[in-house]
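**Student:** Please read through the structure below; I'll follow up with questions.
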Amino acid sequence: MLYLFSYSDLNHSLFILLALFFVLCYEAINGFHDTANAVSTLIYTRATSAHFAVIMSGLFNFLGVLLGGLTVAYAIVHLLPNDLLLNSNSKNALAMVFSMLLAAILWNLSTWYFCLPASSSHSLIGAIIGIGLTNAIITDSSLLHALNVPKMTNVFLSLIFSPIVGLIISGSLIFLLRFFLKKKKNHYRIHMTPLEREQKEGKKKPPFLIKIALILSSIGVSYAHGANDGQKGIGLLMLVLIGIAPCGFLVNLNASKKEIIYTKNTIDHLYEYYSKNKVKIIKNTKNQKKIDFSIKNYNYFEIIKNIKKTKFLLQNIYDFNQLNIKQRFKLRHFLLFLSENIDQTIHFSNIVKKEKDFLKKSKKDILKTIEYAPMWIILIIALSLSVGTMIGWKRIVVTIGEKIGKKRMTYAQAMSAQITASLSIGIASYTGIPVSTTHILSSSVAGAMLSDGDGIQISTIKNIALAWILTLPVSILLSGFFYWITLLFIKNF
């Protein structure tokens, strides 16, 4: 980590330090902004004290980041077009980084101040889109290319549909609990609010088994949040470092000799595959282009040329430190290009399952060179997220716990909301899909209460929906405006 500050230009080192500070601030805000969702149900059902719930949530957020992998992280990195990320000069890269971070932080703090559980994920993704769009307008390039449409479509679909899925699943769980437990003795207890239990039975705490279920489901939400949102923080920091300190982060400089040889072997196998299937792929390309606009730039001969260039670049290389900065840029570009081509090849109609499995594995293997994160990055993101969880959580907790439904949550509603959220976010993290913890859990709470017939507070739902609708466009406009102003300032000075 210390080599980041070894630049001869003191200003550059200071800017890197400031960028790191901004990213960690964003992640800490994410902690107390989003993780409040995980502790709100515990606190308002009196399953644990507020302090215990927050500390426990912070701990499992930390573990979620450490053990969650990197699939979501690089879904965030790839939202920014590669040419913008790799071709920016240092001043433009700094403008891009600070505009993006400032926009996301300002919106997150604003919604937190007004007690609105808005999505940190939406604000980050919106800020990245704003940079890409503004750059396209300034450089008079394609807006479609600036949006990286295939990646953007997948992210948008996940962010839009995940709350709907949360509402439906949570409501269904309430229905199932009522159906299967109606003949059990004391089944009514799970459908009581803490206040009702205190008034009827004189006890403040939930029954033991219900308490354990609430704690475990809350742990699940915290861990899943760390795995998904923590990965976004890792992706954001890698995006920043690739932009302003590319020499050390374009490729994994810590890759072992064995790993590099494995990458080279994978490239060789891909060359053999494409050479062997030349006629089939060229024929299928012509047919596929008639029905699939996304592969209009697919060219078999360009793929072969790219593979040959990669093979040549890696000749006699057993340590990526042997590559100079230009060669590292080229290697990253070649591997990303090849990865996109593999994705397109997989969707050809005459590619059999065995070939698809080979191509998917090959893509995963070559991306290990560029889709990585040093352990110190994972650790500081985990620490920032967990520390953020332990401060500033009260404002959002009040909204989730008291203002969504017309009455306080029952134990069953809390459990169904948390189980839904932990499963949904966990699956999304495993599959590399960035989702919003805030929207999944708040919609799960609403779904549980609607299923129970308790009703919801329309005014609060309107405010949450308004924050949901505004987050993307506002963060897009903010980051785009900041980027434009910063570039003007750089140009004039």
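A Cβ is built for glycine as well, from the same backbone N, Cα and C atoms used for every other residue.
These came from Swiss-Prot, pasted as-is:
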type	residues	note
TRANSMEM	13-33	transmembrane segment
TRANSMEM	52-72	transmembrane segment
TRANSMEM	94-114	transmembrane segment
TRANSMEM	124-144	transmembrane segment
TRANSMEM	155-175	transmembrane segment
TRANSMEM	207-227	transmembrane segment
TRANSMEM	233-253	transmembrane segment
TRANSMEM	373-393	transmembrane segment
TRANSMEM	421-441	transmembrane segment
TRANSMEM	470-490	transmembrane segment
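Describe the structural context of these features.
**Tutor:** Non-local neighbours of the transmembrane segment (94-114) in the same chain are 15, 18-19, 22-23, 25-26, 29-30, 32-33, 84, 88, 120, 123-124, 126-128, 130-131, 135, 236, 239-240, 243-244, 392, 395-396, 467, 471, 474-475, 478-480, 482-483, 486-487, 490; each lies 6+ residues outside the stretch with a CB under 8 Å from one of its CB atoms.
Same-chain neighbours of the transmembrane segment (124-144): 26, 76, 79-81, 84, 96, 99-101, 103-104, 107, 152, 155, 159, 232, 236, 239, 434, 471-481, 483-484, 487, counting only residues six or more beyond its ends whose CB sits under 8 Å from a CB of the stretch.
Listed as Cβ neighbours of the transmembrane segment (207-227) (distance under 8 Å, sequence separation of 6 or more from its ends, same chain) are residues 34-35, 37-39, 41-42, 45, 47-48, 53, 56-69, 72, 186, 189-190, 382, 385-386, 389, 411, 414-415, 418-419, 421-426, 429, 437, 441.
Sequence-distant contacts of the transmembrane segment (373-393) (same chain, at least 6 residues past either end, Cβ-Cβ under 8 Å): 1, 20, 23-24, 27-33, 35-36, 39, 54-55, 57-59, 61-63, 65-66, 70, 73, 112, 222, 226, 229-230, 233-234, 237-238, 241, 254.
Sequence-remote contacts of a segment are chain residues at least 6 beyond its ends whose Cβ falls under 8 Å from one of its Cβ atoms, and for the transmembrane segment (421-441) they are 33-35, 37-38, 68-69, 71-72, 74-76, 117-122, 125, 154-155, 158-159, 162-163, 165-166, 169, 217, 220-221, 223-225, 227-229, 231-232, 400, 468.
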**Student:** Count the CB pairs under 8 A between the transmembrane segment (13-33) and each of 52-72, 155-175, 233-253, 470-490, then give me the winner.
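**Tutor:** Out of the listed stretches, 233-253 contacts the transmembrane segment (13-33) most.
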**Student:** Out of 155-175, 233-253, 470-490, which stretch has the largest tally of CB pairs under 8 angstroms to the transmembrane segment (52-72)?
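**Tutor:** By Cβ pairs under 8 Å, 233-253 leads among 155-175, 233-253, 470-490.
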**Student:** Can you tell me which parts of the same chain pack against the transmembrane segment (470-490), counting only residues 6+ beyond its ends and a CB-CB cutoff under 8 A?
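**Tutor:** Apart from its flanks, the transmembrane segment (470-490) reaches 91-92, 95-96, 98-100, 102-104, 106-107, 111, 118-119, 122-131, 133-135, 138.
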